[in-house]
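Each remark here refers to the structure printed beneath this line.
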Amino acid sequence: MEGLGKMTDWTEIYRLNETVDDANPTCGYTEDCGFGRFMFVSFASSMAVLGAGANILLAYIFIFKTKKNTPPTLYPTVLALLDAALCILYFLCFGIDVAMLFLRIEALFQLYHAYIVPVFLTVKFVQLVIPYMLIFVTMERYAWISKHCFSEWLFSRVGRVVNLVLCLTLGAIIRLPTGLALTVTSYPNCTDSFRTLAVDWRDWAKESEWFSFYDLHLIGILQILIPFLILVVLNFVIIRRLLTSDKEVLKNVPPIYVDDTSAEKRRPSFKMLKLTLKRPTMSPSVRHAVYTTVIIVTSYLICSGLHLILTVMEKTDSDLLKSLDDPTKASIFYTIFGDMISFLYMFTSAIRILIYCKCNPAVRQNVMNTLDLCPRGFIKAPSMDYISTTPVTPVDL
């Protein structure tokens, strides 16, 4: 089963089917599942369940732990919900898949193929929307630290809602052909009961040159290339902006010398230089928000980079992806590499709450309070409710 990391939508299956068309295969496409893969995916699925709960908690904090004058948290809230959905979908696509193959549960096999097409379509929709939601969040953070704003309307209350609705609507429309093209094919003559059903393209999708271009090239550009380039540029600009702002502060700080008795050997104190570079030229809440966004985007870019490598290998029909023994089976390399990328996508979504808690004191405190983990006598850090009473200060999300 091709999952979160293998995002060309069963492209390899299509090529394999072309290869074995003349042989009239009696069994569906499958992947081997040994004990090692079963344990790895089971562990990852458990992490996905925890990650889904953590992201739902984040969304709860963003929605209910703010006040009327709190700066908008729409994009982070939607991103948290999408991350939660991705974690749940990982469990449905991989956890169930591996369990049914390794444990040989035929009822689970039938259930899996009853829901896999709509679930897989939802996976593709979520994967398409998440990078653009990250772009919106990153642009908003850049507007906070820069004198140059992309558009005042773009970050207004109405503008955010319009952007969100357009993003979700266009994502659904763009991914609709994939849902219409996929089907579950039956192989009644196969002697292996766990290969009697397999996901495949419909006949019209196999014969359509337009659909081939759409699936292989258009989706790759929209889902991987464009978001990757935009996020790299925005991340670079934000980091450069932060470094520039720190240098501006350094210029205005009087020099402090190591030895006041030696006028000829006066040098700036390295310790003071380090402290000066850490002095914020913006509010702590904004700086926390920017750092959080930079780390989140960087983790996504790592996944996208690996995914880009896999996509190139798929489009060039690399022999590394094919099993030498059976053309209807994925190679061990393809299975491991695809599982790893899928895991990384899920992992970066699952640990999003840890990134927020590490980089954002307000979110960390709200998480502790919500889970009732705050120890007795602990001096509370400023919560989002407290920050929300500070005028014109963006909440650190």
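Positions of Cβ are set from backbone N, Cα and C atoms, glycine also.
All TrEMBL annotations are machine predictions without curation.
Owing to the predicted nature of the structure, the values given are computational and were not obtained by experimental measurement.
According to TrEMBL, the feature transmembrane segment maps to 38-62 (among others). Long-range neighbours of the transmembrane segment (38-62) within the same chain, counting only residues 6 or more positions beyond its ends whose Cβ lies under 8 Å from a Cβ of the stretch, are 73, 76-77, 80-81, 83-85, 87-88, 90-91, 94-95, 97-99, 102, 339, 343, 346-347, 349-353, 356, 363, 366-367, 370-371, 384, 397.
According to TrEMBL, the domain 'G-protein coupled receptors family 1 profile' annotation covers 54-356.
Here the transmembrane segment (74-103) has Cβ contacts under 8 Å with residues 1, 3-4, 30-31, 33-35, 37-38, 41-42, 44-45, 48-49, 51-53, 55-56, 58-59, 62-63, 109, 111-112, 115-116, 119-120, 122-123, 126-127, 129-130, 133-134, 136-137, 140, 160-161, 164, 194, 339, 342, 345-346, 349-350, 352, 397 of the same chain, all six or more residues outside its ends. The annotation transmembrane segment is assigned in TrEMBL to 74-103 (among others).
The transmembrane segment annotation in TrEMBL covers 115-137 (among others).
The transmembrane segment annotation in TrEMBL covers 158-176 (among others).
The feature transmembrane segment is assigned by TrEMBL to 216-238 (among others).
Sequence annotations record features per position, and here TrEMBL assigns transmembrane segment to 289-312 (among others).
A Cβ distance under 8 Å defines the sequence-distant neighbours of the transmembrane segment (332-355), meaning residues of its chain 6+ beyond its ends; these are 2-6, 12, 31-32, 37, 40-41, 44, 47-48, 50-52, 54-55, 57-58, 79-80, 83-84, 86-87, 90, 94, 127, 292, 295-296, 299-300, 302-303, 306-307, 310, 320-323, 367. Residues annotated as transmembrane segment in TrEMBL: 332-355 (among others).
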Next item on the list: Using a Cβ cut-off of under 8 Å, list the residues of the same chain at least 6 residues beyond the transmembrane segment (115-137) that approach it.
Entry: 1, 3-4, 7, 9, 75-76, 78-79, 82-83, 85-86, 89, 92-93, 160, 163-164, 167-168, 171-172, 174-175, 178-179, 182-184, 199, 219, 222-223, 227-228, 230-231, 234, 293, 296-297, 300, 304, 345
Notebook entry, point to check: Per-residue pLDDT averaged over the domain 'G-protein coupled receptors family 1 profile' (54-356) comes to what?
Noted result: 79
